[in-house]
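Copied over from TrEMBL:
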type: TRANSMEM; residues: 166-188; note: transmembrane segment
type: TRANSMEM; residues: 264-282; note: transmembrane segment
type: TRANSMEM; residues: 357-379; note: transmembrane segment
type: TRANSMEM; residues: 405-428; note: transmembrane segment
type: TRANSMEM; residues: 440-460; note: transmembrane segment
type: DOMAIN; residues: 482-592; note: domain 'TMC'
type: TRANSMEM; residues: 491-509; note: transmembrane segment
type: TRANSMEM; residues: 548-573; note: transmembrane segment
type: TRANSMEM; residues: 596-620; note: transmembrane segment
type: TRANSMEM; residues: 632-650; note: transmembrane segment
type: TRANSMEM; residues: 662-683; note: transmembrane segment
Amino acid sequence: MSEFGAGAELPGWVTESRSRGEFFSPEESHAAAPAGFLQELPSYRSVLRRRAAAGDVQERWGNLRGIASAERREPQPDGGERGAIPLWELPFSIAEKRRIRDLQQGDIKYSSGWNHWKRTSSKSWKKALKDIKELSSYMQLWRHDIHSIEGKFGTGIQSYFSFLRFLVLLNFLMFILMFSFVTLPAVISNYGIFNSSSTKISPNNTEPYCTVYTPSGNKGLVYFYTYLKDLLTGTGFLEVTVLFYGYYTIDAAWFSVLRYNLPLAYLLTTFAYLALSFVWIIKRSVERFRQHLVHDEDQFQSYCNKVFAGWDFCITDLNAARLKHRSLLYELQTNLEEERLKQKIAERTMKEKLRIYSLRIFINIIVIAVLSGCFYSIYRATVFSQENSSNISIVGFQANLLVQYLPSIVITSANFIAPQIFSFLIAFEDYSAAFEIRLTLIRCVFVRLANVGVLLFSLWSQIHCDNDQCKACGYDYELYPCWESAVGQEMYKLLIFDFMIIIAMTLFVDFPRKLLVTYCSWKLVQWWGLQEFGISDNVLEIIYGQTICWIGTFFSPLLPAIATIKYFIIFYIKKISLIHTRKPASRPIRASSSNFFFLAVLLIGLILAFVPLGVSIALISSSKACGPFRNFNTSWAIVPYTILEFPIGLQKFLYGIASEAFAVPFFVIACLFMFYFIALAGAHKRVVEQLREQLVTESRDKLFLLEKLSEAQKNSGKPQKARS
């Protein structure tokens, strides 16, 4: 029912909407408004523009709601637009949708056999896909656990565990790739299974001493703790297993009469798992970006969304409901604080601006100094560990283990200390609360990922040297007879040590703190309280481990299997920690923003992983004593060597694609497409802004109409009751 009186005149856009059956019943569409009254509306010109633009759309809806006889006389052979638009997406009432469904079913009787078969097969196929999708949702890993966490703690914390599940699946697929195309053929051919054999070709034009590789395996009677040390460091008996690069020394595997090129398979599988990770992350990022873009509105819309649509109806736990109340209150307070800060910034004098900018420059200098100290410490620790790990006698087990784990210890300490310093310094920079969180997270991400880069740079500075012996082999043979396995061992130690730190923090920090807070009534202990479950910190923790896995998989092909087991156990550790030993963060982040942020940081980690892998594959000389690339100067050299075995025509085609004559036009065309989509996105953004302005204008129209109606009632002296 309308809010206008029986005798009130209605504007043209209302009567037109009534005639279309959108707002009012058809019998109410007889009222019309004079043109002068319509021109007084604030949205008069925008309505004209919208009416012209929406003509085709209204015609389409009219066709969908056409007369049954016309549709039956002229049935559409391909289902028309009704088949393209799902019925549940049409902006009609339930009764109208049922009528359209009856019309669609009636068309089937008058359609030909071919059209009838197409419609029924299309419906069957869509129903089958829907059933498969529902079945796969029931088979999701940790489906019940994640729904339980979502119900108790909201969608923000649930997004972390969903992200952890994604990494488990990603690492499992990476393990399947490396095991199927690299590890399994090498093992089968080495042991002669299924009538298979292997071929090993000695390197040519290489000094004989460069081809000697004697892994430090355990021989004879050894102490029991030696095996524990080997398990933690990747040396000893683990160094000669399929876990590391040095095991894969065959050049070709023969399965009956089929030749399997293991070096080429090793390199292509590396590119495959990187491409798989990149495409999957991009796909999920696009889906999450749509949600993030929807929530990226102005302050007025943000306020309305928090007030009218801010409650999370998935919450069933009382404590979680209280937490959600505090979260909404905190977000509203944050919005008000940001508005006050904007006003404060606008009112700053030149003297205050100079003071705050000078302070920020000084604090950023301190941040750079902290980062430089972390990088230098990692460099010195790596050099000391590599030079002295083999010089300590076997009796000094603890000292040897400490020296080998020294880079991992220093990196973990830097990852813990630097964020604490950044969180302390950010309070003096006078930023808004939201920007403080983002800037601190960016600095923490840079620290964690850059520390791994500094470690690899330190290793490469040791591997590459300029003396005569290094020139003969292409690398420091004495220190690294198989440098790829040495890098793989460092990545293995980082992954294992990171896992041990997570377990140790839960067992020796969180649980004792929980016991103290529960059973000790001291005011200091109660003020200390439980540790908060920081979503961002936990996400950065596992992204750091995933970046190590991406880099280390080339040097340790089974590292994704270890990462899969690690994240599988971490899921239950974090779940127990969240439920029993920690409390949700008092400043939670929105699920849509967090999902997009997690994937964006993960994509940064993957892109940074491309750099060390590219340098290792294309620039650094491969080891001449181990690995599948012993006969090539670099790992990339297998690609042109394989192309030379192709037919001449295919060689010319591939070289043509790799030439500048193809690359330059392709780059130009790609840039044109990119500029086109950027312009298209800008146009869509402007349309969205115009639609938002029209919504605001229409709200003013309603206020204008109510004011005119009130004036008309006062002038007539006969107040009219609005129809409900």
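Cβ atoms are placed via backbone N, Cα and C, with glycine included.
Listed by sequence, the residues of this chain that lie at least six past the ends of the transmembrane segment (166-188) yet keep a Cβ under 8 A from its Cβ atoms are 141, 194, 196, 198, 242, 247-248, 250, 253, 255, 260, 262, 265-266, 268-269, 272-273, 276-277, 280, 284, 542, 546, 549, 553, 557-558, 560-561, 563-564, 567-568, 571.
Contact between the transmembrane segment (264-282) and the transmembrane segment (440-460) is not supported, since fewer than 3 Cβ pairs fall under 8 Å when only residues 6 or more apart in sequence are counted.
Long-range contacts of the transmembrane segment (596-620) within the same chain, counting only residues at least 6 positions beyond its ends with a Cβ under 8 Å from a Cβ of the stretch, are 159-160, 163, 267, 270, 274, 277-278, 281-282, 284-285, 288-289, 291-292, 441, 445, 449, 453, 456, 460, 463-464, 475, 483-484, 487, 536, 539-540, 543-544, 546-547, 550-551, 554-555, 589, 634-636.
Counting residues 6+ beyond its ends, the transmembrane segment (357-379) has Cβ neighbours under 8 Å at 407, 410-411, 414, 418, 421-422, 425, 428-430, 443, 446-447, 450-451, 454-455, 457-458 in the same chain. Note on the domain 'TMC' (482-592): its mean pLDDT in the predicted model is 85. With a cut-off of 8 Å between Cβ atoms, the residues of this chain six or more beyond the transmembrane segment (440-460) that come close are 367, 371, 374-375, 378-379, 382-383, 386, 407, 411, 414-415, 418-419, 422-423, 426, 483, 486-487, 490, 494, 536-537, 540, 543-544, 547-548, 551, 597, 601, 604-605, 608, 611-612, 615, 620. Listed by sequence, the residues of this chain that lie at least six past the ends of the transmembrane segment (662-683) yet keep a Cβ under 8 A from its Cβ atoms are 656.
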